[in-house]
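Undergrad: Below is one structure. I have some questions about it.
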Amino acid sequence: MFIAFEGIDGSGKSTQLNLLSQYLKSKGKKVLNIREPGGTILGEKIREILLDNNLNINKRSELLLFLASRAQLVEEVIKPHLKRGFFVLADRFSDSSIAYQGGARNIGVETVSTLNDFATDNIYPDIVFYIDIPTKIAMERLKDKNLDRLEKEGQIFLEKVRNTYLKLSKLRDNFFIIDGTKSIDNVFAEIKSIVEKHLQS
């Protein structure tokens, strides 16, 4: 099973991914945690470029770098592990590009979706958890952090990202909005319940 965690910066998605990973392992499942961009030697080098505060990256270049990292991750890591029966848990996947570059960068949701399909060889998560928080809360959570290039974009940018994610939720049955303002335990309880239902179906 392939599960992706999405959300604006500061949403707590990485925490929830780790909790689900620990839970599945406790049930005897084989689990692989991955992150985007990254997860491969090439992907980690691309990650360094994308998050470098000293670089001025054109929005189309930014998108193509994300797609290159994703394409490598799918072929080198995701496909082989799914074939071996692993639960693959992704800290961001294709919907991040749709929200950040397609929506917030105004490249266009349809354009990015088409390019995503090519980059991923039409691989899409079985479940997407979007951890939703207001942008004001996100900015509060990020204020004491050493911010990377994308995290420095500010609240207006994050608002565009969030709005695009919320639109995506209306288009897909396997895209679940989780209220990230609840306690960590309550958020995880909701995620665990959804995963267990999918495992039983």
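The backbone N, Cα and C atoms fix where each Cβ goes, glycine too.
Pasting the relevant annotations from Swiss-Prot:
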| type | residues | note |
| --- | --- | --- |
| BINDING | GLY7, ILE8, ASP9, GLY10, SER11, GLY12, LYS13, SER14 | ATP binding site |
Undergrad: Restricting to the same chain and to sequence separations of six or more, state which residues have a Cβ under 8 Å from that of ILE8 (ATP binding site).
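TA: Result: ILE133, THR135, ALA138, LEU158, VAL161, ARG162, TYR165.
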Undergrad: Enter the number of other CB atoms within 10 angstroms of the CB of LYS13 (ATP binding site).
TA: 23
Undergrad: Apart from GLY7, ILE8, ASP9, GLY10, SER11, GLY12, LYS13, SER14, which residues in this chain have a Cβ no more than 8 Å from the mean position of the Cβ atoms of those residues at the ATP site?
TA: ILE131, ILE133, ALA138, GLY180
Undergrad: Where does SER14 (ATP binding site) sit in the DSSP three-state scheme?
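TA: Helix, per DSSP.
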Undergrad: Given a separation of at least six residues and a C-beta threshold under 8 Å, show me what packs close to GLY10 (ATP binding site) in the same chain.
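TA: In sequence order, ILE133, ILE137, ALA138, MET139, GLU140, ARG141, LEU142 meet the Cβ cut-off.
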Undergrad: Same chain only, sequence gap of 6 or more: which residues have a CB within under 8 Å of the CB of GLY12 (ATP binding site)?
TA: ILE131, ILE133, GLY180, ILE184, VAL187
Undergrad: Given the binding-site residues SER11, SER14, which one has the fewest other C-beta atoms within 10 angstroms of its C-beta?
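TA: Taking SER11, SER14 as the binding-site residues, the minimal 10 Å Cβ count falls on SER14.
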Undergrad: Using a Cβ-Cβ cut-off under 8 angstroms and a sequence gap of six or more, which residues of the chain neighbour GLY7 (ATP binding site)?
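TA: Those within reach of GLY7 (ATP binding site), by Cβ under 8 Å and sequence separation of 6 or more, are LYS13, TYR130, ILE131, ASP132, ILE133, TYR165, GLY180.
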